[in-house]
Every structure is written in C-alpha cells, then in structure tokens.
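A short worksheet on the structure shown next.
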Number of protein chains: 2
Amino acid sequence: MTIRLSTEDTDFEARFSAFLATKRETSQEVDAAVREIIARVREAGDAAVAEYTRRFDRFDPAQTGLRVERAEIEAAYEAVEADTLAALRLARERIEAHHRRQMPESRRYRDALGVELGWRWTPLAAVGLYVPGGLASYPSSVLMNAVPARVAGVERLAMAVPAPQGRLNPLVLVAADLAGVTEILRIGGAQAIAALAYGTQTIAPVDKIVGPGNAYVAAAKRQVFGQVGIDMIAGPSEVLVVADGDNDPDWIAADLLAQAEHDTAAQSILMTDDAAFADAVTAAVERQLKTLSRGEIAAASWRDFGAVILLRDLDEAPPLIDRIAPEHLELATQEAESLLERTRNAGAVFLGRHTPEVIGDYVGGSNHVLPTARSARFSSGLSVLDFLKRMSVLRLGPDELRVLGPAAVALAQAEGLEAHGRSVSIRLNL
Amino acid sequence: MTIRLSTEDTDFEARFSAFLATKRETSQEVDAAVREIIARVREAGDAAVAEYTRRFDRFDPAQTGLRVERAEIEAAYEAVEADTLAALRLARERIEAHHRRQMPESRRYRDALGVELGWRWTPLAAVGLYVPGGLASYPSSVLMNAVPARVAGVERLAMAVPAPQGRLNPLVLVAADLAGVTEILRIGGAQAIAALAYGTQTIAPVDKIVGPGNAYVAAAKRQVFGQVGIDMIAGPSEVLVVADGDNDPDWIAADLLAQAEHDTAAQSILMTDDAAFADAVTAAVERQLKTLSRGEIAAASWRDFGAVILLRDLDEAPPLIDRIAPEHLELATQEAESLLERTRNAGAVFLGRHTPEVIGDYVGGSNHVLPTARSARFSSGLSVLDFLKRMSVLRLGPDELRVLGPAAVALAQAEGLEAHGRSVSIRLNL
C-alpha cells in the first residue's frame, strides 16, 4: 500500500526513517558468474566474447561482424520516423549546448611567493559506453552518455550494445551516430564490459566505462573498477514532487506515474501541505493507471514504493528533501526558488508548474543520468567532468625553493621520511 | 633487478607493455572478515566498535572516551616542536589558499528559447576522514584530506584514527585541529569505516569517507560504497622523473629514493635521453641508499620495481608518459613546458629542476592525494570537487513547454513510455 505520512503524526520521525531505509533493489548474486566471464575474456579474448555472445544473445558475431558497419547505420536512419529523428536531433543539440557550458578551465597562477601553481584539464582518451538491450534500450540514454563525452574531447567512444539474435534497435544506432560514437560493438553483458576494460585482439581497451545495465553488467563494472574508471552504479529511478494545492491534480499524478512506469522498483513521492489536494492526486493516479500501457508496472511501483507526505507547511520541506536526496525533485510551488535555495541534496531540480521531469529526460539539455538511492547526498549527475581529468601543476625556481624548502624538510623529518628531506636539502646545500 | 629499457631495443614495445602490466599490490583476502565486522557494527553499534577496539587496538574506549577531548589536543600542541608546528601552519595556509581557487561557480542562464538551465554546487553535509595508525600516520595527509573539505564548506568533519593502546600521534591531532576537523574518534579499521557509514548510538553517520588505510580499511570502504561516497582506493605510490643530462645526478637520485622509501611496493622510474646520465643516477642511488634510515625499504622498492627508460630523444617521452600515467611526474628538463603541453595522463606534474616532488607532498599548496596505478588515465587528485555535489536546475514556463513539449512526447512515444508522454501532453491540452 502506498505509504501516507504526516509531519503531524506523533510517530512521524520513526516512520519517515523507516521509509528512508526501505530497500528497493533486489541484489542478485551474480559475482561468481561474472568473475568467470571476465577471466575467460582476459584469457581467450575475441573467442570468449564470441562464445558468450552465441550463448546469451543467440547469434554468431563471426557472421554478422562484431562491429556495426556504416551501411547498417544508414539503414537505421531510413527506419526511423521523421518526427522522432527531428526530436533526437533537437535533443542532441540542446544537450550539447548545455554541456559545452560545463567545460572547466585550465589555470596557472603565481602566488605571492612566486610559486607557480595550477591545473590542466585533459579529456580521457577512450571511453566505453554500455547500452542495455531489450526494453531498457533507450536512445535518449545514448545521447545523455555520449554527447558529454564528445563535448569533453574524448576521441574514441566505443559503444557496446547486446543484439539479441543479431538485431539492434535502429533508434539506438541513430542516436549513437548523432552523438558522435566512433565505434559500435554488437556485444553485451559482462563479456562486453570485460572486452572494453581489458581489450581483445580486435577491441582496444578503454579508460572508462559508463552507462546502465542489468545485474551482470553492474557486477562486471564493479569488478573491472581500478583497471578502468566507471560511472555510478544506477539504482531504480525516483521522483519527489513537492506541490502546493494550486496545482492541477491530474498534472501531478501524471508526473508521479511517468516515474512509476519505468520499473516496479521505481519510486514516486508526493509532498504537499494540502491534504485535500493529496487525496485528489491519489484519486487521479488511480484513474490514470487504468489507461496506461505500462499500467501494471506503474501500479506495482506506486503500490509498493509510492508515498504521500503531508506537511503542516511547505517550510518543513527542505530538511526532509535533503534526507530523501531524490534523483529528481519537482518543485511545483509558488515559492519554488525559495525552496531551492534551502535545498542541497537532489540530482536534478525542476522548477515551477510547467517543468515536468520528463522534459529533463529528453530535451531540456541537462543530463538525465543522475544519482539514485539517496546518493545525491554525495554525488552529482553525469557531466563533462566525468570525461575529463585534472593534472595539478607546480613550479618553483631556486628562490622559491629556498623559501619553502626548510618547512618541507621539517615535515619530512617529523614524519620520519629522511629521503624526502634529502631531495629538498640536497638542492639547498643544507 | 631494476629494469632498464631503451626505445632503441627491438623488443622495446613488448618489454614496456610487460612493465606496465606489473602488479605491485598483493591483494589480501579480507573481504569476508570485513563483511562480518560491518554486520556486527550495524547490529550492535557502539558495543561492537568497543569490542573490536579492545581486540585490535588493545585499549578500552569506555575508559579513555571514544572522542578526543579538547584538553588532549591542547596537550598535543605542547608536545610538537616549534619549527614543525610552524611548518604545519604554513602547509595548511598554502593548501587552503590553493584549494580556495578550485571552488566552482553555481550558474543559471536562459537560452535562446527562454528555457532556464543551470546548476548549483553545494557541500556535502558530513564527511568522515580515515587516518591510519602506526607508520603511515602522516600529519601532512590529514591536512591534504581535511583542508579541501572545510574549504568546500563541509560542516561536520569526523576523523577516525586508530589509537594502539590508546595512544595517538600528537602531530596528527595538531594537524586535524589546524585543518578544522570537528570531531576526532579514537577508532580504526573496518569497524571505524562501518561506524562512520552507518552510524552508532553515539556516532552520527557521514555522507562520504575519504583517506587511506590498510587492506581492511580499503575493503570496508569498497563494501560501504553506495551507502556513502568514498574517494579512490589508493595503491602504492610512484614517481616518473623525466630528466635530461644537464641535471645533477645526485638530485635526481634523491627524488627517486624519496618515492622508494615510502613502501617496498612503491615505484620510481627515470626516463632520460642520456645513457651516461642514467648510469650516474643509478650509481648515485646505490651510494645514497647506504646512508638512508629507511634504506632497506627503498632498496627493495628500487630493486623490484625501479626502472630506467632510455630514449633516443625527449620527444619520445609524452606518449610513454601517458601510458605510464604516473601519480607524480617530474619534468626536470629544459623544455618542461613543451613536454607538459604534450602530456595528458599524470596525477601531478612538477616542472623544472627546482621542483622536487616532495614540495608537493608538503608545502606546495596542491594536493598530495593523487591517482595511482595508472588511474590518472581516468581520474584526478583530491580537490574541493570531492566535497561538493551539483544539482542541475531546469525551469520552463508555459511558452517554453509549448516549444519543447512535442519533441519530448515524440521521444517518449518512440521509447514506449506512455506516461512520460502524458506528463507533458496533459499540460499542453494535446
């Protein structure tokens, strides 16, 4: 049953804490299987990848080719409807324009002592992008992962996508091409992650792997972490809608259901100061559920993980928002800006009554790869920074070394690191 | 035996690849033990922490108190020598000044369509800082981890440090106090990581845990990742010194040994275009080794993992540097800036003949927590960014929604997400 809490309840704190502690992920025990797949791919390379592909995706990459050819991409363009293609192009343009503004600047400066300090941002050389097959094969996610990488300056962007029985979603191919993916590999699962991380005879290794996947892919990413970088392991999606009573209940219900239809483990939360409005929204949810093609999924999500939190006053919202730390936060209130000012934990914030979260999923320009499961307390959505790294730069001349050197020698001595001290003192004739 | 390679060797590529693949870490199998410790702390809280502390650190925190009191910190100040204290203060000031310049800016803008986009950086609320006990208990590392957190605006900064038989290093206490640590917990090991991640009756949970530690601490950090954020898991330290023949061989030998004395698994690499200079440096290394207090450690590191790479020309250096992706890179050459321009993978770069890496360990102002084990290919040193996260912000009015909405609906339809489409179309009366 959808949970209903009120800050007026005497046991609110206990119930809210219990609500926060609810686990939505069922972690499958796949570590051992994945460990074997990775070991086999490291050992046998392409042959192992081909074998797993025959077994899991039921086709022979030796016949179709491991790599998607240009002609297949051209054919995919033909297969996509004109308005969908136009929408993909618009999305790509907006994502690119926004992410260009995120580019950080390299910097060098000289401090008061004359010491030169600074940093230099450089792009990762090669990135692997995993795209799930089947239902969760979303072209929008291809854009969201690939465009920032290319904006950052990543030269090689290798996409791996499982092709059940050899077939690929044309929309995914088109999105990859629009986004500047430089090679598309018709492979999936832990074997694809292993191939990208360690390389094979025909696949060059990458420096980082991003993108969502099933339990096997997630476990493989965790296991290759260190050999390559990885992005966050994404959990089920969630939205927190903070709404006053002046909203149309049907609009807010639609927003809650847009999240719920993703997955039975998705979570939709309504927070409001108006009990009658909360009733109207829940009634609208029930009504809309009846006509949804993914109604069963959405109904299960709303029933098992949905929640309505009643506040005495919207001023109670910010500390509760921060504890929930939602992936998506809609502030559909009159004082959205003032609430935003007092909030610090959320992946992405959608302000006002005309910014449904779905705009951010597709064409807002901001990224839809966001921290889930309360990790917005300590992490951020995907950005160009995930495809850049920073070298720090230091330069002293003899004069600066004379000024700073003795303090370094003193600290080296205090830490018992004699050779550290000598590397400075030898230059000072100490 | 210290490896010697030359780009003139016909088998250079094979030997260089083998060199890159050398593993320096001996990964201990401690996962199961750590899993049990974490489970016990989650279950029994303070009692479990006290029990493990009695067992591993051989003192009873119930008697000394779990928290270090102000009087103990004041006493520590008395115990520290004046020039060490002055050096710590100088280091803190310089680290703070440099890291202030790293603070990123929040931003809001309106694009050509009138859509408002932007992002807002906010600090993490609470961070745990782990400081190892024993030999690796370095006050400089306390500054390097704690100062950026406070500069970022982290309010609660809880330090955990094991206290063998109840004793703490006064230098570490003083460094923590200077750096703005807000509470010091006399606990260590996996039990400290568990307490920080999940909280106990008397320890509030944090949002992220940073700082180095032994195999148990590293395994515990991996296991609590997700519940909290963690920094990178640091491997053994390494330096690559690129030097032309105009350097003093004794200076360069001292730099190689400063790295080697850290740990038998540390790695020091010399890259030069001058074979006679290489011989002079290796001779100087042998000479200096004889008089070092940590000579045995340094000798083992240099023997097992040290390397000399001879180049025909320094122009060969950049692609090799990028493949090594060293934690520390010294460019002790005439054309250091030009080499830097062509390099992209390194944690920190030290330019010219008067910037020994050791300055960066202590008083340069830049951070000494840097990516090891070739991870500079995809990650960066510690900075204020590790203690901030970014909320993305989007705002549309009715007009902007009318312009962008139909494309979002088209993409939702293409992805089979009907409720996504409805959350937009319901606002457009479509």
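Heads up, the Cβ atoms here are built off N, Cα and C, so glycines get one too.
Residues or ranges marked as NAD(+) binding site by TrEMBL: B:Tyr130, B:Gln191, B:Asn214. Positions annotated as substrate binding site by TrEMBL: B:Ser237, B:Gln259, B:His262, B:His328, B:Asp361, B:Glu415, B:His420. The Zn(2+) binding site annotation in TrEMBL covers B:Gln259, B:His262, B:Asp361, B:His420. According to TrEMBL, the active site, proton acceptor annotation covers B:Glu327, B:His328.
Sequence features annotated in TrEMBL and their locations in the structure.
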| residue | record | Cβ neighbours (10 Å) |
| --- | --- | --- |
| B:Tyr130 | NAD(+) binding site | 29 |
| B:Gln191 | NAD(+) binding site | 28 |
| B:Asn214 | NAD(+) binding site | 18 |
| B:Ser237 | substrate binding site | 25 |
| B:Gln259 | substrate binding site | 33 |
| B:Glu327 | active site, proton acceptor | 29 |
| B:His328 | substrate binding site | 26 |
| B:Asp361 | substrate binding site | 29 |
| B:Glu415 | substrate binding site | 22 |
| B:His420 | substrate binding site | 30 |
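Checking the recorded positions B:Gln191, B:Ser237, B:Glu327, B:Asp361, B:Glu415, B:His420 against chain A with a Cβ-Cβ cut-off under 8 Å leaves B:Asp361, B:Glu415, B:His420.
Within the same chain, residues at least 6 positions away in sequence whose Cβ sits under 8 Å from that of B:His262 (substrate binding site) are B:Pro236, B:Ser237, B:Ile297, B:Ser301.
B:Ser237 (substrate binding site) carries neither a helix nor a strand DSSP state and counts as coil.
Looking at B:Asp361 (substrate binding site) and B:Glu327 (active site, proton acceptor), their Cα atoms lie 12 Å from each other. The secondary structure of B:Asp361 (substrate binding site), as reduced to three states from DSSP, is helical. Within 8 Å of the centroid defined by the CB atoms of B:Tyr130, B:Gln191, B:Asn214, the record's NAD(+) site, lie the Cβ atoms of B:Pro132, B:Ala160, B:Pro162, B:Gly188, B:Gly189, B:Ala190, B:Ala192, B:Ile193, B:Gly213, B:Tyr216, B:Val217, B:Ala220, excluding the listed residues themselves. Rounded to a whole number, the C-alpha distance linking B:Gln259 (substrate binding site) with B:Gln191 (NAD(+) binding site) is 31 angstrom.
B:His420 (substrate binding site) sits 44 Å from B:Tyr130 (NAD(+) binding site), counting Cα to Cα. Cα-Cα distance from B:Glu415 (substrate binding site) to B:Glu327 (active site, proton acceptor): 44 Å (rounded to the nearest whole number). Looking at B:Asn214 (NAD(+) binding site) and B:Glu327 (active site, proton acceptor), their Cα atoms lie 19 Å from each other. For B:Glu327 (active site, proton acceptor) paired with B:Gln191 (NAD(+) binding site), the C-alpha to C-alpha distance reads 30 Å. Taking CA atoms as the reference points, B:His328 (substrate binding site) and B:Tyr130 (NAD(+) binding site) are 23 Å apart. Under the DSSP three-state reduction, B:Asn214 (NAD(+) binding site) is assigned to coil, being neither helix nor strand.
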